[in-house]
Amino acid sequence: MAKKSLIAKSERTPKFKVRAYHRCKLCGRSRGYYRKFGLCRLCFRKHASAGSIPGIVKASW
């Protein structure tokens, strides 16, 4: 879990828009972020395997 201060800091609008960065909606992680889903790779994997994300199916061939 990310520090609460960093999560709050990322939610504020920065002085310069170049400084803005994404964080996971669930855990607040900043790295490994999937823009399309708004989740980090860990939360994405957990929710995809649980079937919480519609349209995502585990690949098998």
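Backbone N, Cα and C define each Cβ position, glycine as well.
According to Swiss-Prot, the feature Zn(2+) binding site maps to C24, C27, C40, C43.
DSSP classifies C27 (Zn(2+) binding site) as coil under the three-state reduction. Over all protein chains present, the Cβ of C24 (Zn(2+) binding site) has 22 other Cβ atoms lying within 10 Å.
Taking the centroid of the Cβ atoms of C24, C27, C40, C43 as the Zn(2+) site, the other same-chain residues with Cβ within 8 Å of it are R23, K25, L26, G28, R29, Y33, L39, R41, L42, F44. The least crowded of the binding-site residues C27, C40, C43, judged by other CB atoms within 10 A of its own CB, is C27.
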